[in-house]
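Undergrad: Here's the feature list from Swiss-Prot:
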type	residues	note
MOD_RES	1	N-acetylmethionine
MOD_RES	6	phosphoserine
DOMAIN	94-128	domain 'EF-hand 1'
BINDING	107, 110, 112, 117	Ca(2+) 1 binding site
BINDING	135, 223	Ca(2+) 4 binding site
DOMAIN	137-170	domain 'EF-hand 2'
DOMAIN	167-202	domain 'EF-hand 3'
DOMAIN	203-231	domain 'EF-hand 4'
DOMAIN	232-266	domain 'EF-hand 5'
């Protein structure tokens, strides 16, 4: 979709096959992950509707302004290349070759990972880390992860897409553990800014408040699956913004079709 095609071009920076994987693959992938270090109401007349619209636009303008400021400081890893699984580089490291073999076991005959398969493998991995508080990765979370990484709109992740996502999850897991200073298994609201900055996201207070309301519990604590889900979406949205802001002004223009593609398939 538009979102992924945009951020993959940007510079800088379902079948449930998982159930039959067995403990071996889950154990190996568990080792890989630990290797990283650890509007206004319209009723009552036209005047009310107009006031609500103005309020909504001011809120939206503030959010977009905050995102543009943050995006200017974000330097993501290079996006995954669009290469087929069979295009094996001669100079691949043994670690990458091992990961490719594991991917073949996980992906099955179609050599792509569905949202259900992604959910199964992530939940196998987090069970090996009791220090990470989580309710588990749900299917909606995994569908969102697949959607923002799905460059060819197949609804599944190819090898490079999956490897890019997996490497980010490893990096963010290490950051999560580092900033869980009270060892509660969650990231508190006071710990969150440092964790996000370590991941490369410099946000203002307004955006932090929005993120806490969306991804944290009533006490302001964010568990591991919500932390990963939030960062996956931030990474994708920042890439999309940077690729659309071709002249570097911090402003973009999109039509309704582009806006719907940005917001609905993510």
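Residue 1 is the first one shown; counting continues down the chain.
Using N, Cα and C of the backbone, Cβ positions are placed for all residues, glycine too.
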Undergrad: Per DSSP, to which secondary structure element type does residue 112 (Ca(2+) 1 binding site) belong, with helix, strand and coil as the options?
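TA: Going by the DSSP assignment, residue 112 (Ca(2+) 1 binding site) belongs to neither helix nor strand, so it counts as coil.
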Undergrad: Validating a neighbour-count step here. Other CB atoms within 10 A of the CB of residue 110 (Ca(2+) 1 binding site): how many?
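TA: I get 12 for this one.
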Undergrad: Check the DSSP secondary structure of residue 117 (Ca(2+) 1 binding site), expressed as helix, strand or coil.
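TA: Reduced to three states, the DSSP call for residue 117 (Ca(2+) 1 binding site) is helix.
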Undergrad: In this structure, which of the binding-site residues 112, 117, 135, 223 has the fewest other Cβ atoms within 10 Å of its Cβ?
TA: 135
Undergrad: I need the CA-to-CA distance for residue 107 (Ca(2+) 1 binding site) versus residue 135 (Ca(2+) 4 binding site), whole Å please.
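TA: Cα-Cα distance, residue 107 (Ca(2+) 1 binding site) to residue 135 (Ca(2+) 4 binding site): 24 Å.
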Undergrad: Do you know offhand how many angstrom separate residue 110 (Ca(2+) 1 binding site) and residue 223 (Ca(2+) 4 binding site) by C-alpha?
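TA: Cα-Cα, rounded: 33 Å.
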Undergrad: Given residue 117 (Ca(2+) 1 binding site) and residue 223 (Ca(2+) 4 binding site), what distance in Å do their CA atoms have, once rounded to a whole number?
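TA: About 21 Å separate the Cα atoms of these two residues.
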